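Undergrad: In case it helps, Swiss-Prot gives these features for our protein:
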TRANSMEM  42-62  transmembrane segment
CARBOHYD  ASN139  N-linked glycosylation site
CARBOHYD  ASN222  N-linked glycosylation site
BINDING   CYS479  heme binding site
Amino acid sequence: MFLSIKRKIIEPYLVIRQSLAPLKLSRWQLTKIMARTAFDGLPSGTLIVLAALSLALLVAVLRIKSQERTRSKEIPGLPVVKRNHLHYLDIVREGRELYPGQPFMAVNKRHSLVVFPPSCFNEIKRLPAHTASAKKFFNTTNYGDWSHVGEESPELIKSVIADLTRSLPARVHTRQDECRDVFDEVVGRRREWKEFPLLMTTFEIITQINACSFVGKTLATNRSWVRSVMMLPVFIHVGVMLLDACPLIVRPFMAYLTFLPSIKNRWDLTRMLAPVLKKDLEEYHEAKDKKEFLRPRAEGKVPFTGFLLSHYKSAQASLKQLISDYIHLSFDSTPNTAAVMFHALCELAIHPEAVEALRQELDEVMVDGKLPPTHLQELRKMDSFLRECFRLHPFGIFTLQRRVEQPVQLSVGPLLPPGTLMAVDGQAIDGSSELWPNPEKFDVYRFYNLRQKLGNENQYHFATTSPDSPGWGDGTQACPGRFFAVNTLKIAMAHFLRNYDIEIKPECLPLKTKPMPSGFFSPDDRAIARIRART
């Protein structure tokens, strides 16, 4: 065989190479001549056949990869609950009734994942990220190669959970002033009732309040910036929905088209962020005392670029990486916080007794209109109110969403192979009559009263992660920004309660939350609120 290869391939190649040596051709030029000679000698139609076979192979590979990214394979020994629905709501209810205390495979029209009962909460939360990853779950279900969801760097997460959280008490009064300015711009100070589309109004308020801390007030009030941040999750959601609706075989070819608005939006955010971050880089490198530069400060914006640079190695801290981190920061901190505030304002409108209780607490805690420069644990009733809103209106059906990276065997169910998507039934926790008396009822004092009991002083906080508080996740992969989100919500709600009244138009009630294919809930975007200034 070797002699045949030598005679038919190697020797002709050497002859041609020696013949062309005087021309001093490069290897690339010589390769092109050889390839052209080979293809010219092929029978007519061979190229078409080869191209068709190559295309078929490419499509087959892409189809397999696409299917692996959107669905978990059926697992022997695991029951399957399948419906041709666009959401998981009824599927999970059925599985909960058919297989109590057992895992099952939930399959809807777009996705599939293994749903575990609440009894497995602690087992799953203890799994390390290299075994079962939350980021990989969201990256997979949101086509992360295009949306960039789930690509947060470890340095970004460290900066949020440690440095940003530590800076919050010093910034309470500054954030109050920023909050006041945002409400004045978005809502105004009119004594007459005025109608607002509540979801987008809260979205805009949270976008601007958060941006004041991260990118400074100038960019935070720039309409192009505000619009781009608000549209970032919208464009990603639309791209995911459109690509989910495409047949598996064409998804790889449609991805660029469906995510084109999202890609354009990231370009816009990059263009606006670049000059701000270049200035941050200069200030950080010019600072002689880096510890003093990173010290929590009351004025100006949070030195978040400095936080990031203190965690990155110098070679990693490029402008491109910082821009990516800031886009992730804006995406992760805005829509979920806005959704909680939306539901909190709705509950204020529906439950006027809660309004009076919360205003009374604010009068007791605030001094000259200022909140204490702490993590705001003093607002116990506010904390209970927000957690009750979160319990009744969670982000979605599931908690502890994970993508299995290494084989996993829990106390119940079969061995889960790598690539499996799994989650815990969080809705069963929030609606459990064993945990919460009258779970369908809104009770502003539910968690306030629980904390009054001896030994519960440090439990049942809004930001608590535990098996009875599924909203933030738990363990080492819990939401790193939950303390910042709670701080934002308490400051915003305190300002609203002291300065505004709210009603929901009767024709918008009851509010209708829409389940999405991924298992998350979409707040009612039809809700119209009537708001007026109190003074």
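Here the Cβ of each residue, glycine as well, is placed from N, Cα and C on the backbone.
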Undergrad: Are there residues of the same chain, six or more positions away from ASN139 (N-linked glycosylation site), whose CB falls under 8 angstroms from its CB, and which are they?
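TA: Long-range Cβ contacts: VAL149, GLY150, GLU151, ARG403.
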Undergrad: What residue among the recorded positions ASN222, CYS479 has the most other CB atoms lying within 10 A of its CB?
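TA: When each Cβ's neighbours within 10 Å are tallied, CYS479 tops the list.
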Undergrad: In which DSSP state, out of helix, strand and coil, do we find CYS479 (heme binding site)?
TA: coil
Undergrad: What does DSSP assign ASN139 (N-linked glycosylation site), in three states?
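TA: In three-state terms, ASN139 (N-linked glycosylation site) counts as helix.
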Undergrad: If I take the alpha carbons of ASN222 (N-linked glycosylation site) and CYS479 (heme binding site), what is the distance between them in whole Å?
TA: 28
